[in-house]
């Protein structure tokens, strides 16, 4: 049996650490820059074949520093052997914790929270002169020192601990590796059973695993050759609701991921319906900025009764790395990225759904492109509220000053971006669209009329409202 | 003023040749393997900046041999200076022409038609001892020696000739570079006017050019600093209709390209409508294999009245280069490429539209994926007829034996691929959907009832019917 | 003024850390695999331009593990800012020190001594809650905890400490950057003054610096914008002589390096003379295995009166990376690396001088090559004693079992390698050749007759005699 | 049995073409930029394993244009199958021949002589409609059209023709592959017999072959599975002596190569002796600019009686690709490349032997380096005459204006480069040193007194004297 914990949440660097689980264990580490497909060479991956447990990490930098030495998982040797740690999130009290660790006489070789967490695990309480240290007690101790935000994988020898912070700010799901012989397409060769953990449940299907459940806020789950076992749930302070990041629904997660029992695609479609109720439009067709806004656009079309059409097609060969040899091409901007499907909207009034507007510099040229190609009106409907505040919990959002929602031009946002009109989904509408599905309310009923939210349901809306789930230390 | 001819039709290699147009001209050549974005380094492109005319080529190998030396444009030095040739297509009588050239005592250093064309242009009629050779006469002479298939760009000194074979088998469009100051997003810096030629009109928008017209079958168009000028139209044999490749509409072209006055997206949507008429289904939802079949799926939904939903989302990070470290992952196959949007189809009967089925090995696992995720029925509707014959005119289609349409399992194709039912668009339906738009017939009228085809409209359907536009030499 | 400390002692990885010296300082770090020329890209080096002090390190792995994360200098953040450490050598009590550090609760992220040293500096004595920590006291404390072997560069903010262990086992020299306007070839542009530190004084000339002096065993030298200053000399235990690695003279150092006031080339020439006295040969010509044995060969020729000729020329294009496509070429071995200068030795008796014989597998095919090309006798004379014991102080010597001197075939080494005769320099002869020059004895006088060595002169001969300068812990 | 023809004469690009010799033959081609070791990947070389004859080429550009498409061997398909051609040299009448070929209607895709030769072989006399064309007649015909300079390898199907031009300007040697079981180090696995051809005989030893003989001027040698066979010797015009490039002896060839029956090293040593006779010096020591001038320096030392010492050691890690991050390092120049072995020359008068002085910009900083390190006098003695004229026969010599020998500063060359004195070997002295060995004159006898040169001995001294072996066409 093999069991893996995969943490797939980024594209700037990738790392894998496997253990063969023996005494003493042999660890194998691979790290590289870029997407997994470029970070690792096939011959490197062969080195991993003898491990039967492991943790991986792909990084989407939250600080802008993209260096191999910040690449996770972080592995350190302790008195009781090596531990490897992968971390998703950002510790709100990292600065204070760094001071504490350094005051103890520890030098920190990176600026990453992962190293900080690893040294905190090694440091407190003092390392015992015993054969088997109590890692669970150490993890619990860590959780009392920092409230959020972290989803962690901690590997030691033959065990992996999957940990989610008490507020459940970052996601973490458990999947079960299905024997290939039971899968649709397999012959059974190279068959494997086991457990996997990931921040996005959609990754399970890619490796032939099935979604099992989420790690609960504050929960420590042990994964070993004996299977999975819930060891403990560290509580939040009395009265605090959970604070799962609402932007995972809006923007980050793949549409086929499942959080809190609901598919992200369906939530986005519900946001589109809610948007149609909050911001109806007198227009001829509804369309999408492909591909992320498509579920919301279809939802808007269903609720409004307007026909759904495609107005843009992606130019697949213009990627981020495309060469821009001269001023002319640089100025063409978005016209290089999208082709206009003129027949579908020339002479028509278009409602264009976008998922979010962060800086405002991509939607503006799209509007000009559509108008130039014959759209008579372009109404922008955004399936999320304006982002007004920075995130200190792991999401790389521009500074307060850079956010278009905080700029003077926001007062006349339609004029600024050249749209006929612009409307956003309300915060209440978003929360309702998200939380409505958790209790499976009928999709058509007016979501915002729901009255009492149980304490057990709660989301972090800090970037929209400025209300952070815990008080921030500076 | 700058004028460029860009031939963007492939991704295995890329080449650019520019001329500064002076006497004698200085040519600059760049060639590399892979997509344009990887084939050329930015510092290489800087070398091109002093050219004000040029031709480029990107190659999608039709023979499977992918080598730098076959990379176009092909440049040779002749008695009257260098000529550069870019070629899209495949000469049906290449073997006989190679023999002819070699019998004259010329060694051929590649297996490419481009070199063959270049040497034929240099060879016949005998190179004059004059200062300005008559390249147009040479091009016409070439066109009498080979009927199809070729779209050519021939550059000499300060002129580019854009040539399309008499049957018009491969596309070729002319666009006009718009001064950036007249464009939506430009400030006027680095401004340029001029003419561009491309096999796909959709590429014009990417560089700030506007579609002007197609090069007509048999036409030679001269492009120079004096603008564009139609020099000649070489006729087809009496009675032969034109033979533009119908598969450009079905599969190859980007949806925002324009051929024969109609947008490819709209033709595909019409194919979907026609398919709904020919092959109606008793089902709950219509969906697409993203992204190429989406216009046909939306057309099918409109015509049939069934709701359109998305059932699959693409896993963007699983490209062709993904590493497949073990048998398990190899067997997962398509499950790695698509995520199932379960909520949209679980418990429902799905009509899944595909654009074409060549080998049958991608649709089969998708069907299994949908069924496993809860679809009660999966009806495959293919928006084109089965491919049964090889193409000898530039398209890389599997051999007759490899084509699923020619295999015994095709007799029970639904059983073979695991579908509830399978239906194809008829050849007549496809031709009608394509040609109907040319005369702007109303979309809803039953297209197959149209009676007389004018001689001026005609398409190559050889891969579907085995009827080649000219007799093949062997 | 700029001052740099460069530690150039390897070729498996390279690292540079610079500081701009301000408060707080900005550090810039570059690391890469391979020689400096491949490890760093020019654009990377530009990032360093604002530093005016820095330390560098190039690594020749002593443990065989060649990974970027082991690449020095090691930089850690402490309560009082970042320190960067570069280390040449190997701590004899590393295992015990690692335990100590880990018992304090520190996790170690690499297996390198550099990290261990860095954490020891951060750890003990407990980090003060003051603004300026006493780094010198910490370095002295470190030196009491580990006797050898280390040459260190420790950078903090605007100061570099150059440290050599009390036994002086690894070299460390100070050079002075000469203003370019005073140099032979400079125009004065980009002029710089300052101090540099290196393990090999020969590197000074390459950067326009002049040899100043060695850091003494046990000495801590401070380098700052105020110049260099000797802060302290930590003594050895009573009665212990210094123990500079004698193999630096024999093998490692470049011939133009200076140690203990003498040029390495001259020491090697003296070894050749001593060898001629200890092991005279009845032969026709003396030659060298190019290029390292040439000074000894010229010394042997001078002392013996035999003519010096070249018998081998190097095939420059056969490097370590040469491709060996088949068994045949692999078997040719050394014949690929050297050409035989037949005219110089055909029909003659050759004395061939080598600098050392470690595994015996390079000299053997050379002998066969010479004999085949016409040498009548090939007498091997080795300008150093046999290596019989492993080094635990930083030099990567094969295990005891692998060393040819410990193998049964050594009993008849001449027969084993195919030589007419084989003689080695004696340990006493080597020590005399090395130490004789320190007091400038006349070169021709019989060196071994010298009687009393002052305690102040002493060398580590552990790999030859098994007598290690300190007791080894395990 | 396998037979190969290897042409190893450059480092800018490399190509190999093999044939399996069957009917029709399968050719495999590899080409790449850079040294062989970087141009080919091991997996590429595996593709060659089924060939049993082949030709290769490594290029040292004579025109400065370094592009993959100019990379040899050049392979073209003719009416009678593919031929592959590798060429060393430069056709003196290339321009006229290019015109001739192009007038016939052939376009030339490169600027290389190799393609020109290939097309000439294909073109004249007109390609027969027979099964086996008479390649030998075609080669002879080619040799009547161009007198020099070329050494050629022409491969067709199962035969290789090795051809040297009538003047023998470029070298070409035949070697015999020795069965590995008869070699010093082989076990017999992967054993091979056969024939090899190379421009430098020293390459034979590297692959386990033994020097057999030179291809004679004007000779066509056939190599096939039946062994080697001399087919023809095309004569020079009556009265013309042969014209083997004298600079191969002076500069280009590796010292262990054999030309005209003599080892290059020995010729260079003789040049040093002759130089000592022509330009004696009152000095203390003789030394060399390593490594190419060492044989001449040893010859000078022997003839003059002055002691030979080393004054410079190479800094192996400063290659061509070394990074020069700032003005300071650029100005240091040669000081980065060589270390001064001060003890050997401080306070002494040095005679420094160089092999040739082309631009004068490397010797100058060496002289300054030696003087700065304590040499009291530095006398430059150059073991070849000044180069005053360009080469049109394949050697990349600077233009007439760039050559230091043609510059005003040459009048006071010693002052210009900072030497105490400068003397060159005379042209007569060089010719005598080269030709004296051919008839094995005693080395010490005054070579320049020899009187009559047989017509059968002759060398091209054009770059020294301006007397070209044939009249040049322009």
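For all residues, glycine too, the Cβ spot is worked out from N, Cα and C.
For the [4Fe-4S] cluster site, TrEMBL lists B:391, B:460, B:463; matching the candidates B:71, B:202, B:245 against that entry yields B:245. When the candidates B:287, B:292, B:421 are compared with the Mg(2+) site entry in TrEMBL, which names B:354, B:355, the shared residue is B:292.
Its Cβ placed at the centre, residue B:245 ([4Fe-4S] cluster binding site) has 28 other Cβ atoms within 10 Å. Here residue B:355 (Mg(2+) binding site) is positioned 18 angstrom away from residue B:391 ([4Fe-4S] cluster binding site), judged by their C-alpha atoms. Comparing Cβ neighbour counts within 10 Å across the binding-site residues B:391, B:460, B:463, the minimum falls on B:391.
Same-chain neighbours of the Mg(2+) site beyond B:292, B:354, B:355, judged by a C-beta within 8 angstroms of the site's C-beta center, are, in sequence order, B:251, B:288, B:289, B:293, B:296, B:353, B:356, B:382, B:383. Cα-Cα distance from residue B:245 ([4Fe-4S] cluster binding site) to residue B:355 (Mg(2+) binding site): 16 Å (rounded to the nearest whole number). Taking only the Cα positions, the spacing between residue B:354 (Mg(2+) binding site) and residue B:460 ([4Fe-4S] cluster binding site) is 21 angstrom.
Within 10 Å of the C-beta atom of residue B:292 (Mg(2+) binding site) sit 17 other C-beta atoms, taking all shown protein chains into account. In this structure, residue B:391 ([4Fe-4S] cluster binding site) belongs to neither helix nor strand by DSSP; it is coil.
Look at residue B:292 (Mg(2+) binding site): DSSP puts it in coil. In this view, residue B:355 (Mg(2+) binding site) is surrounded by 21 other Cβ atoms within 10 Å of its Cβ, with every protein chain counted.
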